[in-house]
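I have placed the structure first, in the form of structure tokens, so that the comments after it can refer back to it.
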Ligand code: GDP
Ligand code: ZN
């Protein structure tokens with residue numbers, strides 16, 4: 001790792017395609033010579049200046065703003081040079097090639113952020129939230145990711161770790177006087193302190209679980225014949241929110257047809273319209289993927305025209321769904337007939353046209369996903385964080401159950417601390433780092 005983290009890396013940091021501005025980002029050690037070769041002069045630190053970006057002959061490749069951040073006051077903690085040129089793929093490629101000519105190599109996905117982490121500019125949870133902020137599918141998710149990025153989540157974890165360390169020191173000190181163990185712990189209120197840690201951990205877990213709903217969204221399987229009102233229902237559900245269509249990590253673009261938002265929570269709609277018998281190989285692959293997505297769904301929505309009810313075609317799909325998947329049947333278009341809005345168990349009678357009954361459906365979907373909008377302190381947690389928090393909670397519970405058996409008590413506290421430390425990366429394996437940073441986009 002040492003050698004690859006020491007060289008100079010470069011990448012286009014802005015999104016592919018055309019734009020007003022495109023940024024080439026370079027990070028490495030001693031970039032002054034490098035900068036001089038491209039700009040023709042040594043740039044002043046942190047001063048925006050209009051420059052010519054030059055090729056090896058001194059001819060202009062582009063004209064733009066150069067920004068130079070000497071180590072350690074940069075995003076990566078190394079020397080960073082940002083060349084803001086014109087945002088066209090060809091011109092940015094020219095600038096990038098010039099960087100490679102000068103000895104830089106192409107940055108791997110997430111490599112800038114990885115260096116920031118290795119140089120202690122960010123902890124691991126913060127580094128992950130960089131990707132989460134970029135991938136955020138709603139304003140709420142973005143706000144939540146930013147909170148993690150600025151260290152609010154890490155701060156909570158540090159407080160928990162510190163409290164565990166204090167308690168461990170207390171216990172270690174007691175280990176020297178075996179016959180007075182229980183008395184000592186009682187006098188120091190060790191169990192009271194443990195209970196306080198347990199409470200704080202539960203609060204953090206709640207916030208993390210909520211954040212994870214924001215991040216992952218709710219996966220909805222939509223079943224319904226043409227014309228029953230699927231599109232109308234999705235529009236009503238989304239309400240004022242602008243529907244943002246995004247690719248969700250872990251699912252393929254072609255199976256998730258649409259993403260809408262309810263109160264900022266992304267709702268990924270998996271349409272089952274394509275689930276029919278076919279001889280076509282490509283279509284078959286698509287169908288297999290759709291079923292794969294359905295297996296990961298949080299809820300199924302069957303939409304029927306209230307005047308026709310559930311037909312055999314829909315019965316077939318329902319029969320093939322995982323038995324554990326919650327199912328809501330929506331009887332739509334009540335405005336046309338004699339029905340009024342009502343709910344009978346998992347059957348909802350509503351109108352996608354007038355909006356009657358939509359609020360109830362919205363609330364129901366959020367409830368199934370475990371969303372509590374008033375849940376305090378949301379954190380953009382990943383599965384890895386949730387697992388670590390759960391492990392810590394388990395060890396703390398075991399410490400409590402260990403009672404006066406001091407060695408067990410101490411050992412469980414140590415394990416709880418280790419579990420929490422994996423979140424911020426103070427206690428992490430190399431392969432975890434590889435896994436986390438490889439999921440970034442290039443240039444970040
Ligand atoms: P989809 O094919 O399932 O997506 O159905 P659409 O949402 O495109 O709706 C099909 C037709 O039914 C359109 O003309 C809608 O205006 C109409 N429609 C949808 N929901 C309702 C409803 O609740 N009441 C009435 N009266 N018409 C509806
Ligand atoms: Zn439609």
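Yeah, the Cβs are placed from backbone N, Cα and C, and that goes for glycine too.
Note that the structure is a prediction, hence the values are computed from the model and not measured.
Annotated (6S)-5-formyl-5,6,7,8-tetrahydrofolate binding site per TrEMBL: 25, 82, 121, 444, in sequence order. A coil conformation is recorded for residue 444 ((6S)-5-formyl-5,6,7,8-tetrahydrofolate binding site) in the three-state DSSP classification, outside any helix or strand. Counting only residues at least six positions away in the same chain, the Cβ atoms of 13, 109, 110, 112, 113, 130, 131, 134 sit under 8 Å from the Cβ of residue 444 ((6S)-5-formyl-5,6,7,8-tetrahydrofolate binding site).
Summarising the annotation, TrEMBL assigns GTP binding site to 227-232, 246-252, 271-274. Same-chain residues at least 6 positions away in sequence with a Cβ under 8 Å from that of residue 230 (GTP binding site) are, in sequence order, 222, 224, 271, 303.
There are 10 other CB atoms within 10 A of the CB of residue 227 (GTP binding site), with all protein chains counted. As annotated by TrEMBL, K(+) binding site applies to 227, 246, 248, 251.
Positions annotated as Mg(2+) binding site by TrEMBL: 231, 252. Proximity of residue 231 (Mg(2+) binding site) to non-local residues of its own chain (separation of 6 or more, Cβ distance below 8 Å) is seen for none.
Sequence annotations record features per position, and here TrEMBL assigns domain 'TrmE-type G' to 217-370. Predicted-model confidence for the domain 'TrmE-type G' (217-370) is 81, expressed as mean pLDDT.
On the backbone, the CA of residue 121 ((6S)-5-formyl-5,6,7,8-tetrahydrofolate binding site) and the CA of residue 227 (GTP binding site) stand 54 Å apart.
For residue 82 ((6S)-5-formyl-5,6,7,8-tetrahydrofolate binding site), applying a Cβ distance below 8 Å and a minimum sequence separation of six or more within one chain yields 13, 23, 24, 25, 26, 66, 67, 68, 69. DSSP assigns residue 82 ((6S)-5-formyl-5,6,7,8-tetrahydrofolate binding site) to a strand. Summary of the (6S)-5-formyl-5,6,7,8-tetrahydrofolate site environment: with the site residues 25, 82, 121, 444 set aside, the chain residues having Cβ atoms within 8 Å of the Cβ mean position are 13, 27, 74, 75, 76, 80, 112, 113, 116, 443.
In this structure, residue 25 ((6S)-5-formyl-5,6,7,8-tetrahydrofolate binding site) is part of a beta strand by DSSP. Put plainly, the binding-site residues 25, 121 were compared by Cβ crowding within 10 Å, and the winner is 25. Residues 230, 231, taken from the binding-site residues 82, 121, 230, 231, are distinguished by a CB atom under 6 angstroms from ligand 2.
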